[in-house]
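Taking it in order: structure first as structure tokens, then the write-up.
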Amino acid sequence: MALFQKKKYIKINPNRSIIEKQAEQPEVPDELFAKCPACKHTIYQKDLGKNKVCPNCDYNFRITAKERLAIVADKDSFIEMFTGIESKNPLDFPGYPEKLAATKARTGLDEAVMTGTATIKGQKTALAIMDSTFIMASMGTVVGEKLTRLFEYATTEKLPIIVFTASGGARMQEGIMSLMQMAKTSAAVKRHSNAGLFYITVLTDPTTGGVTASFASLGDIILAEPQSLIGFAGRRVIEQTVRQTLPDDFQKAEFLLNHGFVDAIVKRTELRQKLALLLELHTEVENV
């Protein structure tokens, strides 16, 4: 009898519409778009340009040492120096040699800083550029040695020097040998200064730890890119130590400018022109 027949039901997947919607979404290659960490806008990579600056809020994306070199130095003027120096893994830190090898292969760099000489609008200078894609540009024995040799070379050749900083601090895998580079580089900076030579530091995002507490803060003129994170200890560590809530803009370049730790904040698009002008003024003073 039809009255007692078992009813039949068709099961519908409640997530079907979501699954179909996801399936309909086109795959967009990551290299085509970037999301701005500041304003959260999705930006077409070509709109960022070679300076990698957000067109919506002027946020400065982090860039590699090679990208930095391309927008600052005159074309084909950079002569790299002090390559081939390698860490001996003084603490026998497990996995450290393998990590170094993998990072070198991925970045095409031999360490976290590029050192050499270049011209900027025709003005010759010694130049060092740190690269945060290389183990967060942490300062180990090789970084310290390359920077020290560059300062010594600049002192001998009577050259000004420009250093672009970007670092997470000392390299923990090298322990006290890493911390020693703070004193070593600072001494080299002092000898360069005693010779009456010109030193510019450009603080970029992020510049922290032992790098901030040594050569990064010793420039005759200290410039910074907008909104760069600059400090020694981390925000959370400081708040837990002093038991106070820090201002929202604490450790930002603008905060440091207002408190006298930075001489000027320069937009990335204007940095090449500003550096060339400073080098030119320094040269003119020398010739007086």
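Glycine residues also receive a Cβ, built from the backbone N, Cα and C atoms like all the rest.
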With the ranges 36-57, 102-123, 256-277 to choose from, which does Swiss-Prot describe as zinc finger?
36-57
What other residues of the same chain, not counting CYS36, CYS39, CYS54, CYS57, have a CB atom within 8 A of the CB centroid of the Zn(2+) site?
PRO37, ALA38, LYS40, HIS41, ILE43, PRO55, ASN56, ASP58, TYR59
The zinc finger (36-57) - residue tally per DSSP class, helix then strand then coil:
4 helix, 4 strand, 14 coil
Counting Cβ atoms within 10 Å of each candidate's own Cβ, which of the binding-site residues CYS36, CYS57 comes out highest?
CYS36
By a simple count, how many Cβ atoms lie within 10 Å of the Cβ of CYS54 (Zn(2+) binding site), its own Cβ left out?
19
